[in-house]
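Accompanying notes for the structure given below.
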Amino acid sequence: MIAKAVAALLLGSGLASAAGTPLTSKAGDKVPIPDWDLKSSSEVSKDLKGLSKPGVDTSAWYHAGTSKCTLMACLLNAGIYKDEDLWYSDNLNHFNWGQFSIPWLYRHEFALAPAKGKHFILQTNGITSKADLFFNGQQIADSEYQAGAYAGRTYDITSLAAKDNAFVVQVHPTDYLYDFALGYVDWNPYPPDNGTGIWRDITVKETGSVSMGPISVVVDIDVPVESSPAKVTIRAEAQNLENVAVVLDAEAVVSGNSCSGGPLKQTVKLAPGEKKLVEFTKTIAKPKIWWPKQWGDQPLYNAKVTFSVNKAVSDTAQTNFGVRKVTSFVNQYNDTQYSVNGHPFQVVGGGYGADMFLRWDGDRFTRIVEYMLDMHQNTIRLEGKMEHPELYEICDKYGLMVMPGWECCDKWEAWAYNDELAIFPPPVWDDNDYQTANYSMIHEASMLQPHPSVLTFLVGSDFWPNDEAVVLYVNALKNAGWQTPIIASASKRGFPALLGPGGMKMDGPYDWVPPNYWYDTEPSEDRLGAAFGFGSELGAGVGTPELGSLKRFLSQSDLNDLWKNPNKNLYHMSTNVSSFYNRKIYNQGLFKRYGAPTSLDDYLLKAQMMDYEATRAQYEGFSSLWTASRPATGNIYWMLNNAWPSLHWNQFGYYMHPAGSYFGTKVGSRIEHVAYNYQKKEVWVINHSLDQTGPRKVDIELIDTNGKQIAKQSVNINTKANSGFKAADISSQIGKLSSVAFLRLILSDSKGNVLSRNVYWVTNSIDKLDWDSSTWYYTQVTSFVDYTPLNKLSAAQISVTTGSSRRVAGVPGTQTRTVTLENKPSVPAVFIRLTLVDKSGNDVNPVSWTDNYVTLWPKEKLQLEVGGWDASGDSIQVSGRNIAATTVKL
C-alpha cells in the first residue's frame, strides 16, 4: 500500500487560479483543482510517473472544464455526448459501456510558489471508487489506499511541490458489489461508467508550520431552548508539520446574531509531528434558535479559527453553525420518534436521487429544496448520496432537515447475514475494507457535523452493520463531535447491540396501492406500510410526467406503449432485472378504477388523478395519525426525484415539472389541513404547527356528478398544535352514495380565512386489499372502486383571468400572477390542470402554483397564484376532465 498521507483531514476555502498563477496565494487557502484532461489508459503511455511530470502534451485528450466529474460527466462536459441523446428512448441501452472496463486517467498541471516554511496538502474528498495518484513523477498513493467513494485522504506534497506541477489520477472501473461506490440499486439503469471518477473536488491547501483539521462545533443546550443559554465548544485538530517543536497561537471568533465578546485565545505547544485537539468554549446567554422551516427561523452563527506561528497565520478556516437540539427515542412499539428543540418532530419527506452521472448543480438543488418546502416537506433522506458541502449549507439556510446515511444492496452491506445481495455468498469485508469504511465515516462525519439541518445518520439502510463496523462508525462520529441520533438501519431486520433497534420499518409499498391502504392500520403486525411507525422509504410508486416532459425523452412508439400496452416492460422505469420494470400493477388500478384510456391524453389525465390521490392519501394518513395510540412518527416518500427522466417514483419530474404527485403531496402535507379517512369515512383535522391553535370551522359538502347537493354540514372545533384528530364521522352519508360523488372539505379560522380546501372523488366502497397476499413491494387489490362515471361527466365551462405581473421579494427575476378560475355552469369542473408555457408552448420549469389539479363546485370562484423563476412564461394551458382545453395569454 502506497501513501504519503497527512492524518488530519483538512478543510477550508479558496478560489482557483488561472494557468501560470500559483493555485494558492497564502496560508489557509484551499483550492479545488479547477479542470481536467482525461483519456482512456488504452490510448496513452503506460508510464504514469512520466505522465505526471509537467510539460506532457495533452492536446489529444478530452478536456472537462469542471473541478469534479465522473467519466461520463466529464465526457458530457466536454461535449462528447449530450443528455438529450442519452436520455432519449432506450439510447442508453445501446451505449458503448465497454470503454469504461479499463482504467482512465485524469491529469492537470498547476503552479505553486514553494518557499521555506510553506506546506502543501493535497486532499481527495471523493473518487469512485479507487485510484492511483501520481504527482511530479512520483506515485503518492495506490488503489488499495485511495479506495472508497467517500474515503477522503490527505497527502503532504510539500517535498515534491515545485513552481510547475503535474498531477495524474488513474481511476479503476467500479463494481458496485465489490467496491465502496455510489450505486443505484433498482432506482434506474446503471450509468455506463458505474460512477467511476473524481466526483468530488480534489483540493490543494497551503499552510504554514501547523495545519488545521476540520472544525466541529458542539452545542449544548437544555430544553426549553427558547429560554436556555447555549454552551458552544469549537474544536479543530492542530498538526505540527515540522520536525522541530513549535508554539501555536490559536484564536477563535464566534459571530452572528448579535453575538458579543472578543476572540477566544490560547497558546499550544506542539512537539515535532504532534497532533493535538484545540478547543474553545463560549456561552451564548440568549441564543437565536435554529428551527425547521415550518416552525421558525434559521439564524446561523459563524465560527472562525486561526492558527498562527511566530505571529504569522499558519492556517485558518471557518464554518457556520446553528443552535438547535435533536434527540430520538424508540417507543413501546419499537418505532423511532424524533424531537427537535424539545418538540416531537414528525418526519415528512422524500428520498433524494442524485444525478445519474453525479453532476452537482447547487442552483438546481436549491430549486429542489424550494419545491420540498412548497410541498410542506420537512426532511430529505440521502441514502448513500451525500453529495457536497453546499447541499447542507442550502438546507441550513432554508430549514430543511437531512437524513444522510449509507446505501443498501451492495458492498456497503456485504455482511455474512445479508442474503439479499445480487451475489451469494456476499463478498464480506476484509481488513482493508474496514479501513476504507472507517476513513469514509471519518470524512463524512467531519463534513456533516456543524450543520444544524442534519437530523440523524443511518449507518445502515436495508441491513445493519456488523459489530466490528459499527464500532468504527460510532467512534468516527463521536470523535467528530456528533450530536444527533445514530440509527442502526432503516429497517427492522436486526441491529447491533451498541446502537439498539433502529425503529424504522421498510415493509413497502413501492408500487401502486389505493388511498385506503394508509388508513387500514389494524392489526398493525399485518399492515406493513400503513400509517403507523416510521416508514423510511415507502409509497405508491407514482410520479407520471406530463406530456411536455414525456416528449423530451420518449419516442412516439414509447408514448403509444404507455396506454396501448399497459403490461409492457419500459426502459424508463427501473432496471431490467427489478420488480419495477413495467407499469403493470399501476395500470391495472388505472384501467379498473378509471376505465381503459381512449388516447394518450386521456391516459395521462387519469394517471395524474391516480398520482394525486395516491400521494395525498399517504401524507394525510401519516399526518392524521401522528398522535394516534401508535403514532405515525415518520414518512419518507419513495422517491422525491429521479436520477434521469423516469416514469415513476417521483414527486416532480426530472425536468422539474410539478404534476399530480407533487400537488397531491402539497395538499396532503399542509401545515393546517382537513382530510378524509377513506377507511373509516371520517374527517380529520391536521396541525403541523407549534403555535397555531384556537377555534376552527370545518365545512363538509357532498355533491353528485351533476352538481346536486347530497349532504352538507359544518363542525366547529378547537385545533391542537402538532397533532391530528377526528372532527366528524360522515360514514352514513358516504354509505348512501349510489355512484361517484365529490366531497369538499374546507378548514377556516375564526376570521373566516380559508386554511385548507380539499376535494375528493368518492364512492360508497373502497378498494379491497388482500393483506395476506402482500409482497415486499405491494399489496394486491382484489376488488376496485368504480370511478368510470367520471368518463361521462356533463361539460363544465370555466373562465380564466390573470392579474398583472409583480415581483417577489428575495427571488431575483421571479414573476408572479394571480389566476382566477370561475366555474359558471351548475355542474362541477373536475380536475382542472394548469400549465405555464413559453411562447413556443414548452413548459416553464421550475414553476410555483399555490394549487393545481383543482375541482370547482358549480358557480365557484377560486383564485390561485403562479410564479416562475424567470420571465419566460407567456400563457397558461388549461384542461381537465370535463372542460374544453384552452390557452390563456398572460
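Including glycine, each Cβ sits where the backbone N, Cα and C put it.
Here is what Swiss-Prot says about this protein:
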- 1-18: signal peptide (SIGNAL)
- Asn194: N-linked glycosylation site (CARBOHYD)
- Asn334: N-linked glycosylation site (CARBOHYD)
- Asn438: N-linked glycosylation site (CARBOHYD)
- Asp462: active site, proton donor (ACT_SITE)
- Glu537: active site, nucleophile (ACT_SITE)
- Asn576: N-linked glycosylation site (CARBOHYD)
- Asn687: N-linked glycosylation site (CARBOHYD)
How many other Cβ atoms are found within 10 Å of the Cβ atom of Asn334 (N-linked glycosylation site), counting all protein chains shown?
15
From the recorded positions Asn334, Asn438, Asp462, Asn576, Asn687, pick the residue whose C-alpha lies nearest to the C-alpha of the residue listed as 'active site, nucleophile'.
Asp462
Rounded to the nearest angstrom, how far is the Cα of Asn438 (N-linked glycosylation site) from the Cα of Asn194 (N-linked glycosylation site)?
23
Non-local Cβ contacts of Asn438 (N-linked glycosylation site) (under 8 Å, 6 or more apart, same chain)?
Leu472, Ala476
Which three-state DSSP class does Asn576 (N-linked glycosylation site) fall into?
coil
Using C-alpha atoms, which one of the recorded positions Asn334, Asp462, Asn687 comes nearest to Asn576 (N-linked glycosylation site)?
Asp462
Determine the Cβ neighbour count for the residue listed as 'active site, proton donor': the number of other Cβ atoms within 10 Å of its Cβ.
21
Could you list the residues of the same chain, at least six apart in sequence, whose Cβ is under 8 A from the Cβ of Asn687 (N-linked glycosylation site)?
Ile671, Glu672, His673, Thr693, Thr719, Lys720, Ala721, Asn722, Ser723, Gly724
Counting other CB atoms within 10 A of each CB, which of the glycosylation sites Asn194, Asn576 comes out lowest?
Asn576
Protein Cβ atoms within 10 Å of Glu537 (active site, nucleophile), excluding its own:
25
For Asn438 (N-linked glycosylation site), name the DSSP secondary structure in the helix/strand/coil scheme.
helix
